[in-house]
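According to TrEMBL, the features are:
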TRANSMEM  7-28  transmembrane segment
TRANSMEM  40-60  transmembrane segment
TRANSMEM  67-86  transmembrane segment
TRANSMEM  92-116  transmembrane segment
TRANSMEM  128-149  transmembrane segment
TRANSMEM  155-172  transmembrane segment
DOMAIN    156-418  domain 'Major facilitator superfamily (MFS) profile'
TRANSMEM  204-224  transmembrane segment
TRANSMEM  236-259  transmembrane segment
TRANSMEM  266-285  transmembrane segment
TRANSMEM  291-310  transmembrane segment
TRANSMEM  331-349  transmembrane segment
TRANSMEM  369-390  transmembrane segment
Amino acid sequence: MTKVKLAAMMFLEFFIWGGWYVTVSTWVSQTLHFSGVQTGWIVGSTAIGALVSPFLAGWVADNLMPAQYMLALLHLVGAVLLYLASNQTHYGPLYGIILTYAVLFMPTLGLANTVAFRHINNPKTEFAPIRVLGTIGWICAGLLISFFHADATSLPLRISAVASVIMAFYALTLPSTPPQATEPFSVGNLFPVEVRRMFRDKSFLIFAIASFLICIPLQFYYAFTNPFLNQLQVHNAAGIMTGGQMSELGCMLLIPWFFRRLGVKWMLVSGMLAWVLRYAAFAYGNPGSGVWMLWLGILLHGICYDFFFVTGQIYTDRKAPLAYRSAAQGLITLITYGVGMLVGAWLSGVVVDKYATTLADGSTAHNWHAIWIVAAGLSLVVLILFTAVFKDNEDKADSTLGTTPLVVEGTAVAEGTV
């Protein structure tokens, strides 16, 4: 019964996130007519949340209240903020509300993981089936929005607000998860010297830099794929984009097989190459004879995400000292989903604005071919540099494969770390 409750928690957690995050860029760019930079910053608010969340979540977990109560409080406040955001029409107030929401929401990912890990006996085997309900929640949110044809409206924010209220009350029914800190929280404990020493390893340093750099063009996908598909008048864009999460589930099952045959370097290279191919497919795809290229770009998401990010988490887990694996995962997440995505939020907006044209009726058209070529080019540069300089001399069939809890779409789950 506990596992079912934890799985339902994950479903709601990611239903909330997927409900508003995928389509908010279409609403603000096509309905509210925000610029590309403004759109990028709104989508990039979660990157700022990712920068703040390790510190906020650590302080909360050590000093305030049981995790399930904090989940309830943050989601209840989040519901109010999402509803307020849905009623805004000007950039300043909307960005302020969304940014505040992101700073409060991102720690809930780690808190949800903390609750789950505390109440299962064997995370290595029991966590993945629980966590996969999160991906299903994200998919269901996209399908629901697509059903209502609500991509360009504020309805997704309100749907997520309602789900947040449900999550707030549901969290109160979760098993008690009190703080277990043995010493006060500090930044030094969050990223101890043993983790910082990992950067003395040339291979790990190159991996960390490449992870940061590849996240810059990645934000083009997260911020602008839904507006791109809607501007091409692709029917049910939000629903179609859930194909990416569906492909993740399949690729996750294939990771052990590929890992044993390719090893870390070529798994990471394959993931980067998939991003290049995805953006090339978007650049040359169209709703007519080239619709298969649009589908290809979406379905490549499994390889794009799993082969790079999940492999990267496995590699980090292998490189980190046993007692500091959680901290190492947190640091890589900070570098990628925090700093990398934040830079990408700004740069993607700049590029989109550069290739935007205001039409006579006041609407905005974009040269999407040029935009996706820029994203593909940036990804290709990182791919070439990484392939040339990264070396991993350890065995392909490393014994740590399978000991790291698997993750899907945007959340490091090792030991409850965001």
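In case you wondered, yes, glycine gets a Cβ from its N, Cα and C as well.
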**Request:** Six or more residues out from either end of the transmembrane segment (67-86), which same-chain residues have a Cβ under 8 Å from its Cβ atoms?
**Result:** 16, 20, 60-61, 94, 97-98, 100-101, 104-105, 107-108, 111-112, 114-115, 118, 154-155, 157-158, 160-162, 164-165, 167-169, 171-172, 174-178
**Item:** Recorded stretch, among 155-172, 236-259, 331-349, maximising Cβ pairs under 8 Å relative to the transmembrane segment (7-28)
**Value:** 155-172
**seg_contact(the transmembrane segment (331-349), the transmembrane segment (204-224)) with at least 3 CB pairs under 8 angstroms, min sep 6** = yes
